[in-house]
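Report on the following structure.
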Amino acid sequence: MKVFQTICRQLQSSKRVFVETAPRVVFSTSSYLCGRKKRVNPYEQVDQEKYSDLVRSVLSFRGHARTPQSLFEEDALLYGPVSKSKAPKQEEEAVPQNWFPLFNPEKSIKPDPARDPPVPLKIPFQRNAIPSVTRVLQQTMTSEQTFYLEKWRQRMILELGEDGFAEYTSNMFLQGKQFHGALESILSPQGNLKERDESLLESGYVQSVQHVLKDISGVRALESAVKHETLQYVGLLDCVADYQGKLCVIDWKTSEKPKPFIRNTFDNPLQVVAYVGAVNHDANYSFQVQCGLIVVAYKDGSPAHPHFMDAKLCSQYWAKWLLRLEEYTKKEKSQNIQKLD
């Protein structure tokens, strides 16, 4: 401040200019607060006597404990009652329209030595107008199955050529036929395998099923034709025998790839259960079957995979088989109508 006054004196003396010094200003933080009026709480201007009930309810609300019941009541007051929406219904499995039981109550499950055949049945298969199990399954394959089957066929033709693929399928059919012949000889009490075919017993497929054969006894039928007299379909089953003490329809399969789970066998369970139902309703068979067995053998001799089907599992596949049979019947009727037109 002294420096500022000195500069002013020098200016006055040198240039005769009169400069008045400004009065001292003192700044204070309290001057702003003192200069403004005190803020008035608007709630103090409310006529509390007039609105006493409202004031008491507002002041007393803070002290109330909020319980789940009070929360539900508040929600109901604000948003209305809760609308309980129904859970979406799960898609129900299709049920065959013309349901027919898998098991026959007129046949006994227990073995009857007086009625059971002394040797395994071997009824010859006769082709006629009645559809076979194999034909029904082939004609009613899903679009997905057809797609993958055709994709496999095209890949094999690309690798082997048309002639090579035809030879491959012919060899596979021959190997399967020889495998079934060898098993028939092993399980048959006559043992009618020719000497020149004894080498088949040493094949990889036969070696693959040796551990399964140890659990098989009481053979009732071998390579025998069967007919469902009510549903009108036929088939040629591989074997009916006891597996681990339970009477089963046994189906022997060969495969180049491992099939450790029953889902890997595609339509084989439907084939087996179709034979089970046919045996139970065929007058040529005095016994009743409640179980099935799929045995997948391998050419390299590795242990075969046996897939056992109990009565409950057979019943589940039986419903699916009936649906496929219905689908086949509808297709046949549709084709016959088109031919007439």
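Quick reminder: no glycine exception, Cβ is built from N, Cα and C everywhere.
Over in TrEMBL, the protein carries these features:
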DOMAIN    202-324  domain 'PD-(D/E)XK endonuclease-like'
ACT_SITE  D238  active site
ACT_SITE  D251  active site
ACT_SITE  K253  active site
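In the structure as shown, the Cβ atom of D251 (active site) sits within 10 Å of 21 other Cβ atoms. Sorting the active-site residues D238, K253 by the number of other Cβ atoms within 10 Å puts D238 first. Straight-line distance linking the Cα atoms of D251 (active site) and D238 (active site), rounded to a whole number, equals 6 Å. K253 (active site) and D238 (active site) are 10 Å apart (CA-CA, integer value).
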